[in-house]
Amino acid sequence: MIIGIDIGNTHIVTGIYDNNGELISTFRIATNDKMTEDEYFSYFNNITKYNEISIKKVDAILISSVVPNIIITFQFFARKYFKVEATIVDLEKKLPFTFAKGINYTGFGADRIIDITEAMQKYPDKNLVIFDFGTATTYDVLKKGVYIGGGILPGIDMSINALYGNTAKLPRVKFTTPSSVLGTDTMKQIQAAIFFGYAGQIKHIIKKINEELNEEIFVLATGGLGKILSAEIDEIDEYDANLSLKGLYTLYKLNK
């Protein structure tokens, strides 16, 4: 058994893989940099017991993190409870892609590394555009296995919270698919504008990428809220909720 831990700014998503690399369970908890290795093990142990998954023999623990100060907690978790050294995703690993000349990859996120790794595993011969709808939304573009650029914009929840946090009376709303672009009350108007406005941003970004590349592209999406948006954006060819966790295992196998 292998454990994959994808640490984001908002959530920590854990995947449990069988010996063939198939995901057999996933669970999500809020990111908390005050949590100890013992507290995390308590979460982990309870959830695996509930799902009747034995964790007596763990061969490897894989960690991707965009929150550097939490990594050490999970290294302690791996050593204390499973007697293994965690494998940490970074640019020192063997990667299935290269960076184009002129790309400054300093600070390139582990989340983007594993997303690209899995996308390349699935579609090695395609020009790829990968959207990850997380705390921030990122997009990465690869041409024949070469990373040529991308972008970062505020995430959907970040946009909602900014509107709520910087106004006196506007409510915090849930991100959902509205029935109309014309909201009939304040809450529905925010939901409509956020949904269709964000979808419009993504459509336009894809349009501009198409214009710059002038070649056929394949667009993948992942991230918690990506599923809702992908249904609205015809330009997205595929949504994979577990792209990151799959990429974490694929990168591990590539470097084994």
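Sequential numbering from 1, following the chain as shown.
Including glycine, each Cβ sits where the backbone N, Cα and C put it.
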Residue in Thr106, Thr117, Thr135 which Swiss-Prot records at the ATP site where Asp6, Ile7, Gly8, Asn9, Thr10, His11, Ile12, Val13 also bind:
Thr135
Using a 10 Å radius around each Cβ and all protein chains in view, which of these binding-site residues has the most neighbours: Thr10, Thr135, Thr186?
Thr135
Near Asp111 (substrate binding site) in space, meaning Cα within 10 angstroms, which of the binding-site residues do we find among Asp6, Gly8, Ile12, Asp132, Thr135?
Asp6, Gly8, Asp132
Can you list the residues of the same chain, besides Asp6, Ile7, Gly8, Asn9, Thr10, His11, Ile12, Val13, Thr135, whose Cβ falls within 8 Å of the ATP site's Cβ centroid?
Arg28, Thr31, Val66, Val67, Gly134
